[in-house]
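These notes are about the structure you will find just below.
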Amino acid sequence: MATVQQKLITPVSQERSDASRNKVTVVGVGQVGMACAVSILLRELTDEIALVDVLEDKLKGEMMDLLHGSLFLKTPKIMANKDYGITANSRVVVVTAGARQQEGESRLNLVQRNVNIFKFIIPQIVKYSPNCTIIVVSNPVDILTYVTWKISGFPKNRVIGSGCNLDSARFRYLMAEKLGLHPSSCHGWVLGEHGDSSVPVWSGVNVAGVGLQQLNPDIGTAQDKENWKDVHKMVVESAYEVIKLKGYTNWAIGLSVAELTESMVKNLKRVHPVSTMVKGMYGIENEVFLSLPCVLSADGLIDVINQMLKDDEVAQLRKSAETLWNIQKELKDL
């Protein structure tokens, strides 16, 4: 006897199982992973999204919650499983999984614990999606992007870190607040390490092509009477403040990652400050990943924009690189 489906629908052709052209996987369904997933879904960037985690109940719950909202989304396939088989043929894989820093734990110890986690995750991604681009979001992001690059064996254009994309967004927001404008009209770059030693490029800060350093030669320095350097100080401190208030950060980084994903799945060739391998640039001699303005396309990271940095900005970048290398060179089993 025919089912309701058989009575309702007359098949015309066989569905192709490999029809997805822009599948995205998110590894880790914590606060950050889900913010990334929801931001990607709401921006309608993919026809297929896969979620992976070791916590099966949480994973199933998050998937069900999203599926119950399918009517309001335009992503026909939302899947979740602890088996990486469901991630097969992803174009972009977002890695948010990792250990959290415990009270009193050294950064090196945290990184080493994350190395051990990544040694399980990354080979699975490579196995099922050998042509994907990996966006590393887990912290400390610059070091874990290096770790991912080493473990994956991928070319450096297909392993990026979310890096200073968020730092720069925070910088532009705070700059906009000070000027009474929208962040999209305020241009400025934060480069280097995602975190305490990031480098604000005051020489390039502008609105409508008007360089703020031309209007205020002391901008960003200790001599500046308007205290613009506080803008960068707030960028560095903002994550700590949000964590103190709500326990974690997730929405801004989720939106930031969706923006990076869009540039790649739509082949936009937009420029973003993301973490890339900087050996050979600005006099940096070690294999470290730092944020520079990078062009993102369907092939991953295809170009780096050579900014005309001032000597003190280059010195800060090199110092960032040295700090990271001192941790990386101590890592075991890479």
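Even glycines carry a Cβ here, placed using N, Cα and C.
Swiss-Prot has this to say about the protein:
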| type | residues | note |
| --- | --- | --- |
| ACT_SITE | His194 | active site, proton acceptor |
| BINDING | 30-58, Arg100, Asn139 | NAD(+) binding site |
| BINDING | Arg107, Asn139, Arg170, Thr249 | substrate binding site |
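When the alpha carbons of Val54 (NAD(+) binding site) and Arg170 (substrate binding site) are compared, the span between them is 32 angstrom. Looking only at Cα atoms, Val38 (NAD(+) binding site) sits nearest to Thr249 among the recorded positions Arg107, Asn139, Arg170, His194, Thr249.
Maximum C-alpha to C-alpha distance over the listed substrate-binding residues Arg107, Asn139, Arg170, Thr249 is 24 Å.
The Cβ of Lys58 (NAD(+) binding site) lies under 8 Å from the Cβ of Val29, each of which sits 6+ residues away along the same chain. The highest number of surrounding Cβ atoms within 10 Å, among the binding-site residues Met34, Val38, Ala50, is found at Ala50. Long-range neighbours of Asn139 (substrate binding site) (same chain, six or more residues apart, CB within less than 8 Å of its CB): Gly98, His194, Gly195. Across the structure, Gly30 (NAD(+) binding site) and Arg107 (substrate binding site) place their CA atoms 21 angstrom apart. If you measure from the Cα atom of Arg170 (substrate binding site) to that of Met34 (NAD(+) binding site), you get 21 Å. Highest Cβ count within 10 Å among the binding-site residues Thr46, Thr249: Thr46.
Long-range C-beta contacts of Arg107 (substrate binding site), restricted to its own chain and to partners at least six residues apart, with a cutoff below 8 Å, comprise Gln101, Pro140, Ile327. The Cβ neighbour count for the residue listed as 'active site, proton acceptor', using a 10 Å radius and every protein chain shown, is 30.
Classification of Lys58 (NAD(+) binding site) by DSSP places it within a helix. Proximity of Leu42 (NAD(+) binding site) to non-local residues of its own chain (separation of 6 or more, Cβ distance below 8 Å) is seen for Leu73, Ala258, given in sequence order. Of all the binding-site residues in the list Met34, Thr46, Ala50, the shortest Cα-Cα distance to Thr249 (substrate binding site) is found for Met34. When the binding-site residues Gly30, Val54 are compared by the number of other C-beta atoms lying within 10 angstroms of their own C-beta, Val54 comes out lowest.
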